[in-house]
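Here TrEMBL flags 44-66, 179-196, 216-232, 238-258, 270-291, 297-323, 344-362, 416-437, 464-481, 487-509, 521-540 as transmembrane segment.
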């Protein structure tokens with residue numbers, strides 16, 4: 001939040017007032033106790049109304065998303081196998097563990113089945129609680145078994161309604177964050193309206209319900225709201241302790257529910273580092289936040305049986321490096337502009353070197369390779385050399401990991417969100433630059449100067465935090481489309497805060513010589529109300545049409561495949577195929593898999609590449625030997641992969657395999673000069689011809705328009 005001047009003895013309340021008006025009426029308010037009483041009553045009324053609106057808008061959003069999910073799939077009417085198939089890719093894998101816990105004879109046997117699991121990866125026993133973030137499935141399954149609700153709600157509905165309930169918490173947290181920043185609950189209402197009207201770009205929960213981010217982001221939003229309140233000056237000790245507790249709990253739950261938590265919190269740590277270096281946040285509060293991040297992540301590490309990927313995360317190395325570097329450079333924030341700038345550059349260099357050193361040491365000690373595919377992907381994505389690495393290219397060729405499409409901004413502009421965001425961002429960036437330059441220019445007398453009111457522009461700590469947060473996560477979203485949901489939801493918060501902020505309007509009106517306290521009040525309330533009316537007028541009819549549009553789940557080929565597997569294969573049979581399909585096989589049939597979509601394990605990535613040779617140009621005996629090395633009994637081939645047209649040449653799965661194997665790609669187009677012609681035809685095409693060289697190893701036992709299932713011979 002931007003303030004025009006800073007005066008000794010004036011504190012910001014939750015309902016922000018114009019500072020000039022406060023000065024003019026201070027004496028009058030001292031003489032009129034009844035005025036103070038009426039103001040207190042008004043604040044209580046405002047808080048009550050605002051809190052009620054927050055709860056209502058959160059619940060309505062939850063019901064709206066749940067209704068869209070029901071209308072899109074006719075979820076209440078389809079068969080159980082169809083419901084399970086609707087949980088696509090990794091969503092099905094996560095839900096399968098909830099189902100597994102419910103089907104276990106006792107809770108202890110269910111726990112034991114997760115800790116000593118030999119069905120998720122064939123010929124290998126893994127600890128699922130260590131490998132994956134599935135404590136939420138464990139917790140929900142325990143609740144469902146313990147609570148007397150089995151007669152009233154099906155397990156699948158208990159699961160999905162919990163997720164939609166979390167969306168109510170998510171929207172409420174966004175609402176509260178905007179309210180805290182602006183001082184009026186009207187901005188929270190506008191943030192919630194923008195979140196809903198931009199649903200395509202702010203959430204995907206209605207069609208990817210069990211996805212880890214849908215569990216984690218509500219807790220992340222709570223954490224941001226708590227940090228926003230924590231950074232306010234002059235908090236009472238009790239309020240500060242309770243806020244720290246809220247930050248810790250939300251950080252812990254966020255870390256526990258999403259495997260990519262460390263990367264999101266690394267961005268958050270960078271926000272704190274930048275603001276602390278520029279003296280825009282209280283150093284002690286920054287230290288507390290660093291400590292909470294470390295403590296929360298280490299606690300999750302313990303619950304995940306000392307998951308090495310967490311111990312080797314950049315976040316732990318970075319936070320430790322920052323704390324060490326601050327001890328080494330105690331006089332970092334003293335001196336003139338050039339002197340301090342030099343110290344900051346040295347501080348940055350020390351932190352960077354310490355981070356890389358600690359991270360490399362930890363990874364070498366732990367022999368950690370779980371996250372190396374992410375760094376290979378980032379290296380190739382940002383142009384640090386081309387790569388033929390199969391895992392990195394698998395990410396690079398997915399649209400979700402590409403740049404944010406331009407039509408995203410067109411959709412955001414239709415709701416006026418993008419225009420408002422740019423407007424607020426421009427003003428706050430200018431203010432932040434002015435404050436940063438001031439802090440670096442005069443660090444010795446800064447506090448006394450502020451108290452004397454000699455500076456005309458200020459940036460409150462909570463506003464500074466949210467500003468750098470939205471900028472860094474904006475860069476993340478622009479570079480990787482899948483991460484846009486972290487940015488667009490906060491964009492709603494930041495834009496609505498700015499439009500309802502009295503300080504921003506005061507600054508603008510003074511710049512154009514139209515300043516008047518009444519005009520500020522008019523602008524901060526009239527503009528948001530007009531936007532709310534516009535959103536209702538333009539999008540309400542479309543939302544009603546959307547709610548009345550009824551569709552039905554329809555995937556007969558996959559349903560037929562799952563029913564055939566259940567009826568015609570042994571319960572201990574091992575299946576190989578694509579990661580996405582096998583997650584559904586695990587959920588719908590309980591059969592053992594060779595590989596799956598949870599890709600954060602080096603040995604699993606190597607195994608997946610080996611299994612995917614069914615779509616490469618390999619000899620039948622080679623493919624058979626590879627599959628049998630994983631204990632495979634059946635392999636499922638998909639025409640949609642073998643004859644893929646969705647991706648362009650060079651990004652089809654068969655192309656990635658050809659390049660990784662050193663073979664030339666199919667079709668017209670250039671190939672790297674060192675690639676050679678393959679010595680064998682493509683396996684997935686040739687096996688369908690039933691040639692003796694293939695039937696000796698593989699027998700077709702099922703086929704439909706989409707899938708072909710082959711049983712592997714065991715005597716070869």
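Glycine residues also receive a Cβ, built from the backbone N, Cα and C atoms like all the rest.
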Among the recorded stretches 179-196, 297-323, 416-437, 464-481, 487-509, which has the greatest number of Cβ pairs closer than 8 Å to the transmembrane segment (270-291)?
464-481
Intrachain residues whose Cβ lies under 8 Å of the transmembrane segment (179-196), provided they are six or more past its termini:
1, 12-16, 46, 49-51, 53-54, 57-58, 61, 64, 171, 202-203, 225, 228-229, 232, 415, 417, 462-463, 466, 489, 491-493, 495-502, 524-525, 528-529, 531-532, 535, 543
Using Cβ atoms and a strict cutoff of less than 8 Å, what residues sit near the transmembrane segment (416-437) while being 6 or more residues removed from its termini?
2, 194, 198, 278, 280, 409, 457-459, 463-464, 467-468, 470-471, 491-492, 494-499, 501, 504, 507-508, 531, 534-535
Checking distant contacts: for the transmembrane segment (297-323), what same-chain residues at least six beyond its ends satisfy Cβ-Cβ under 8 A?
127, 129-131, 133, 135, 252, 255-256, 259, 261-263, 265-266, 269-270, 273, 287, 290, 350-351, 354-356, 358-359, 362-363, 366, 368, 370-371, 600
